[in-house]
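Swiss-Prot has this to say about the protein:
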type	residues	note
BINDING	R41	L-glutamate binding site
BINDING	G76, T77, W102, T152, D171, Q194, N235, T236	pyridoxal 5'-phosphate binding site
MOD_RES	K195	N6-(pyridoxal phosphate)lysine
Amino acid sequence: MPTYNFAAGPATLPRPVLEQVQRELLDYQGSQVSILEISHRSPVFREIYQQAKERLLQLMGLSADEYTPLFLQGGGTLQFTMVPLNLARDHHRVAYADTGHWSARAIEEAKKLPDLTVDVVTEAGPDFAHIPAVPDLPADTYDYLHITTNNTIMGLAYQDLPQTAVLLVGDLSSNFLGQAYDFSSFDLIYAGAQKNLAPAGVTIVVVKNDYLTEDHGLPSMLNYPALAKKESALNTPPVFQIYFANLVLKWLKEQGGVQAMDELNRQKAGLVYDYLDQSKLFSNRVAPDSRSLTNIPFTTGKADLDQRFIKEAAAAGLVNLKGHRLVGGMRASLYNAMPLAGAVALRDFMHQFEQEI
């Protein structure tokens, strides 16, 4: 019986990549040492790092003449602070769209900075059923607009990016390279890798080169220009995670790239949503035009029945379906590495469970 891991993160990883890592773990490409042991200053790692940068930009349709990828530490959570420190320079006033828990966390952290005004310019409301429209923002008032493209807990996602006159910053942690956006619309993107790209421990930042030219005297580890100058190696970078991410980027290209993953993810999500929409037992409260492709929360409406479903699903090989503690119920995370067969198995088990109730 196959096992499908629906965890929200750390999440399922591509099987071919895991197998390659297993083969190379004790002796990386004839070097006689493990990838876990190589120096971050060695030619071996520098080649891995350059490959990862090039593959990432290629998958995103971006040019190295305009954007620089960074492979950092501290998770998306550190970016909640680094973004305003580096970008809120002209007006010291920033705009945020609040569409769920993680956007609220970003707002909370930005508000801790002195001499910075943080405006919540749009919010999803208490039911978190719709992605709200973003109002027109004057370029002479705000330094940037921050959005969270996908909220894992509530299951909301932007299908279309807001058009804005100010810089656009995106937290893409949970649908990074799994949903086809025009990445050139962003001035800065960040994403924790532990959902779609690698094990936890590396955070991707892709920033326009325009914002790497001036050093504002920030502490070095919080300073994008300083980190870019040292190619993400002001301190020892997470070598293994970058190596792993490089292999996943190669795998993504072999699958057909971001557009192909978007199409597959829509197919997977569609199977689950179509069942939920006709079910008399299960429900999902998010409006169809705001639904996440990668994180689908659902519930029976009864806590004891939810727990029974989670337990019986796990026994059937469908693991980590428990919803986030803030909302309860169930949640199916269908990241890039989740095969179509996993979504089919979940839909079929939901049908079986409902028939037996």
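All positions are counted from 1 along the displayed chain.
Placement of Cβ uses the backbone N, Cα and C atoms for every residue, glycine included.
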Of all the recorded positions given, R41, K195, which residue's CB has the most CB neighbours within 10 A?
K195
List only the single closest residue to R41 (L-glutamate binding site), chosen from the binding-site residues T77, W102, Q194, T236 by CA-CA distance.
T236
Just report the maximum Cα pair distance in Å for the recorded pyridoxal 5'-phosphate binders G76, T77, W102, T152, D171, Q194, N235, T236, no decimals.
31
Could you tell me which of these binding-site residues, T77, T152, T236, has the greatest number of Cβ atoms within 10 Å of its own Cβ?
T152
Translate the DSSP assignment of K195 (N6-(pyridoxal phosphate)lysine) into the three-state scheme.
coil
Cα distance (Å, whole number) from K195 (N6-(pyridoxal phosphate)lysine) to T236 (pyridoxal 5'-phosphate binding site):
23
Measure from the CA atom of the residue listed as 'N6-(pyridoxal phosphate)lysine' to the CA atom of G76 (pyridoxal 5'-phosphate binding site) and give the result in Å, rounded to a whole number.
12
